[in-house]
Amino acid sequence: MAADNKALINEDSSTKKVIFKLAWPVIAEQSLATITHIVDMMMVGRLGASAVAAIGLTMQPVFFSTALASALGVGTTALVSRFVGSDENKKAASVLQQSVLLSIIFSVVFAAIFYIFAPVLLTLMGGEAEVIRLGSGYLRVMTPGFVFMVLAFIVTAALRGAGETKTPMKVNILVNVLNVLGNYLFIFGNFGFPRLGVNGAALATTLARSTGGIILLALTFSDFSVLKMKLKGFFSFDLELTKRVLRIGLPTAMEESVRRLAQLLFVRVIASLGTTSFAAHQISLNAESISYMPGFGIAVAATTIVGQNLGAKNPTGAEKGTFEAWKIGSMIMGFMAVVFFILPEQLIRLYTADPEIISKAALNLRIIALAQIPMGTHFIFSGALRGAGDTKAVFYSTAISTWIFRLFLGYVLVHPLGLGLLGAWTAMVIDWTIRGSYVFYRFKKGNWKLIDL
């Protein structure tokens with residue numbers, strides 16, 4: 001795997017092949033996941049605005065916890081890609097094993113918190129009474145699957161670092177198909193199954209993600225995996241290796257925690273505008289998420305290219321591959337911007353027939369069209385910097401920009417200036433532009449080439 005990638009970085013055309021080879025399974029995986037989220041929202045949307053708002057509000061604390069798990073994910077990807085790049089696959093498998101153990105401990109603790117304190121968390125989020133009632137049930141039903149969701153996240157991060165992006169894609173295709181099928185059966189009570197409404201959506205998610213997590217974990221113990229773990233000594237901790245993973249990942253955990261906390265407060269600001277506005281906000285985010293697919297897929301390619309090339313002592317290949325990835329990503333994100341600007345009403349009508357929600361959400365998409373290329377720039381260069389282990393730079397840019405431009409400026413635009421959702425989404429555009437500009441500058445500066453993991 002590593003040898004193939006190093007050889008392919010030498011020519012422009014070959015660089016594109018490497019990017020495509022690494023990115024297309026991730027893009028396909030994310031595409032199906034996004035389609036699944038969209039179908040989820042469409043199905044839940046039939047239950048009313050309160051149901052949409054409940055799931056949107058409930059997922060915020062879940063996103064916050066997965067932000068902390070990203071410390072393990074980023075540290076795992078960076079170290080695995082370095083070890084694979086230097087042909088040390090056994091060390092790469094040891095990194096995965098340590099990260100899996102840590103993820104189990106982490107996820108069990110957070111699952112307990114979610115189950116016990118569900119109503120309290122949603123009350124603190126500023127939800128209305130009906131939203132809190134629906135959301136508490138949703139969070140408690142999906143809690144058992146949280147452990148497997150985090151496990152799948154860690155195994156996927158390791159496999160991507162090794163350049164193996166097809167395996168997570170195949171497993172996640174199954175997960176998403178099961179999720180949609182479960183929604184159809186449990187939300188509406190089709191084929192004799194109980195009609196569970198919002199809780200049915202949570203049950204479908206739990207069963208699907210648990211299946212995916214179990215399959216991915218089992219595969220890492222088989223001969224099919226590029227990173228093969230062994231049962232013998234699996235539960236023993238390697239303190240030194242764990243420290244290396246956390247040292248790389250800790251800034252990302254801080255970055256994601258700070259960002260998610262700002263987003264929690266940002267969501268509270270938007271929730272104060274009422275259920276209709278919040279539902280429009282959630283539907284807009286869901287529709288916009290289709291643009292994340294190519295950006296995230298190419299960012300994963302950049303992370304792997306940088307990590308493996310630095311492991312192979314080839315920083316020139318790492319830099320060349322990243323800029324090629326950025327060019328491709330910018331073209332794709334530019335196309336998505338045009339779609340959001342020209343066809344927003346058509347996209348939103350797939351979710352709801354409510355004219356007020358359609359009007360508000362369509363305006364949101366037109367505004368966020370301006371942020372698509374800066375967003376792609378942020379994804380790709382952040383991925384490259386993380387692959388090099390320069391996670392502090394991404395942390396600084398995210399922490400400062402999210403709190404100053406998204407949260408503080410967003411609040412000022414929403415309430416004192418009375419711009420409502422228009423103000424909130426304008427602040428989001430400014431936030432993405434600042435973050436994208438900074439990581440581009442940081443990568444261009446080149447200090448990441450000197451980092452020793």
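Glycine is no exception: its Cβ is also placed from the backbone N, Cα and C atoms.
What TrEMBL says about this protein:
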- 100-118: transmembrane segment (TRANSMEM)
- 138-159: transmembrane segment (TRANSMEM)
- 171-189: transmembrane segment (TRANSMEM)
- 201-222: transmembrane segment (TRANSMEM)
- 264-284: transmembrane segment (TRANSMEM)
- 290-312: transmembrane segment (TRANSMEM)
- 324-343: transmembrane segment (TRANSMEM)
- 363-381: transmembrane segment (TRANSMEM)
- 419-441: transmembrane segment (TRANSMEM)
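Long-range contacts of the transmembrane segment (201-222) within its own chain (CB-CB distance under 8 A, at least 6 residues past either end) are made by residues 40, 43-44, 55, 96, 100, 137-145, 147-152, 155-156, 158, 167-168, 171-172, 174-176, 178-183, 185-187, 228-231.
Distant neighbours of the transmembrane segment (138-159): 54-55, 58, 61-62, 65-66, 69, 72-74, 76-77, 80, 92, 95-96, 99-100, 103-104, 106-108, 110-111, 114-115, 118, 121-122, 165, 167-168, 171-172, 175, 198-199, 201-203, 205-214, 216-217, 219-220, 225-227; these residues of the same chain sit at least 6 beyond its ends, with a Cβ under 8 Å from one of its Cβ atoms. Fewer than three CB pairs closer than 8 A are found between the transmembrane segment (419-441) and the transmembrane segment (290-312), and contact between the two stretches is not assigned (pairs 6 or more residues apart).
Contact count against the transmembrane segment (363-381) (Cβ pairs under 8 Å) is highest for 324-343, out of 171-189, 264-284, 290-312, 324-343. Within its own chain, the transmembrane segment (324-343) has Cβ neighbours under 8 Å at 12, 15-16, 19, 23, 288, 290-291, 294-295, 298-299, 301-302, 305, 365-366, 368-370, 372-373, 375-377, 379-381, 384, counting only residues six or more beyond its boundaries.
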